[in-house]
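Asker: Would you mind keeping the following structure in view while I ask a few things?
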Amino acid sequence: MNQVMTIFLVLGVIVYSVESSLTPSSDIPWEKCRHDCFAKYMSCQMSDSCHNKPSCRQCQVTYAICVSTGCP
C-alpha cells in the first residue's frame, strides 16, 4: 500500500513538473504558492536527510501541509 502511494506521488510530481515547464509562468498566487511548495519538496528529497524512508515520508507530509494550509 505504501509503495502504491509513493508511485502515485512520484507520478504526480512528474506530471506537475512537465505541466509547469509547458505552461507559461503566471502571476496567479496559488500557482506560485504550489510551485514554491514543490521546490521545497524537491529540495527536501535531494537533501542528505532523505536517506531513509521515514525521512522521505516527512518530505511528502511537509509538502501536503504546505499546499493545504499555505496556498489559497
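Each residue, glycine too, has its Cβ placed from N, Cα and C.
When I checked Swiss-Prot for this same protein, it listed these features:
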type     : residues    : note
DISULFID : CYS33-CYS71 : disulfide bond
DISULFID : CYS37-CYS66 : disulfide bond
DISULFID : CYS44-CYS59 : disulfide bond
DISULFID : CYS50-CYS56 : disulfide bond
SIGNAL   : 1-20        : signal peptide
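For each listed feature, how buried is it and what is near it?
Answerer: Its Cβ placed at the centre, CYS71 (disulfide bond) has 15 other Cβ atoms within 10 Å. Under the DSSP three-state reduction, CYS71 (disulfide bond) is assigned to coil, being neither helix nor strand.
Annotation note: CYS66 (disulfide bond) sits in a helical segment as assigned by DSSP.
DSSP assigns CYS59 (disulfide bond) to a helix.
Other Cβ atoms within 10 Å of the Cβ of CYS56 (disulfide bond), summed over all protein chains shown, number 17.
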Asker: How long is the line from the C-alpha of CYS71 (disulfide bond) to the C-alpha of CYS44 (disulfide bond), rounded to the nearest angstrom?
Answerer: 19
Asker: Measuring Cα to Cα, how far is CYS56 (disulfide bond) from CYS37 (disulfide bond) in Å?
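Answerer: Roughly 15 Å, rounded to the nearest whole number.
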